[in-house]
Every structure is written in C-alpha cells, then in structure tokens.
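Feature annotations, reproduced from Swiss-Prot:
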DOMAIN    1-115  domain 'C2'
BINDING   30, 31, 82, 84, 90  Ca(2+) 1 binding site
BINDING   31, 36, 82, 83, 84  Ca(2+) 2 binding site
C-alpha cells in the first residue's frame, strides 16, 4: 500500500522536546533494603536512559533527555527499573506521557507571555497517568509543563518530570 503525502510528511522532524527527569517519589523496593533506580523513555524507535541512583527509593536525577518528535501521535513511554549487577534489571513501574495537551498549546504559537502565565491545566483521569493537576505555563519565553506521573504495574511510586519544547530551525513545526 502506497503512503499518502500526509503520511510521508509526518516522518519529517516536527521538533524536539526536552524531558527533564527530576526525581522519583516513594519508588518500590526491589533489593533487600532499597533500589538502584534508573528511567528509560521511549518513543517509537528512540530509547533514552537516565543514570542510575544507588540505594535510593526517592532518587534525584535532574537529567535532561531530548526526544525528536516525528509523529506527534506516537506515544511516549516512561519506565523505571532497578539496576541489578548479576541478574536482569527489575521493573519498577511504567507510565505513558500524554504529550497532546502540551503540543496543542505549543501549536497556538503564543509569544511574549508574562512569566508564570497559566496556559492550560490538565487534571488526572483514568486515561492519563497524572498523580495531580499538571499545569502548562510560560517560563521566560518558553512553554513548559510540570507533571507528576503515577507509575502503573507496581505497588507504589511516582516520577516528576518537566516537558519543554526546543526550537528546531530545520523542523517543520507543529
């Protein structure tokens, strides 16, 4: 089956999103006393990994990972693992990052907004992994979204992240 022009265009680089993986909150223990957590973020074939924090169920990563957005409808998945030396890494939960509200606000092309201006508020639902309200705001000329994701497929744990759209001179934009 031949691809339409629209489908071919979707594979062009739309832009870049920086995901600041801030911290883990009350992550599950997978070793005797603690865990050695790290985060993996995937979108299509892209796979990004944070560094490992040793012996900590409340790790501070503060690590920036950058995804190239080719298809805005492609799901972004976040997985947390416990690093093990001699056996396979243990799963510590996962979440899906709903990029749609963030990308929709960016499409509006808002410029020169006052610092801290609330642009959109997203409430937790059964369809997203939000632990609490997530607010998209202007931040010194940038649009950012802070969110705390409730991990699924695990007994406890949350991960705090921040999304930021990065300017891409060669991208087609949204």
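Heads up, the Cβ atoms here are built off N, Cα and C, so glycines get one too.
Compute the center of the Cβ atoms of 31, 36, 82, 83, 84, which mark the site for Ca(2+) 2; besides them, the chain residues with Cβ within 8 Å of that center are 30, 35, 37, 52, 81, 85, 89, 90.
Taking CA atoms as the reference points, residue 83 (Ca(2+) 2 binding site) and residue 90 (Ca(2+) 1 binding site) are 7 Å apart. For the domain 'C2' (1-115), the mean pLDDT of the prediction comes to 88. Classification of residue 90 (Ca(2+) 1 binding site) by DSSP places it within a strand. Here the binding-site residues are 82, 84; the one with the fewest Cβ atoms within 10 Å of its Cβ is 84. For residue 36 (Ca(2+) 2 binding site), the nearest of the binding-site residues by C-alpha distance turns out to be 82; the candidates were 30, 82, 84, 90. The most densely surrounded of the binding-site residues 30, 83, judged by C-beta neighbours within 10 angstroms, is 30. Surrounding the centroid of the Cβ atoms of 30, 31, 82, 84, 90, where the record places Ca(2+) 1, the chain contributes additional residues within 8 Å, namely 35, 36, 81, 83, 89, 92. Most other Cβ atoms within 10 A: among the binding-site residues 31, 36, 90, that distinction falls to 36.
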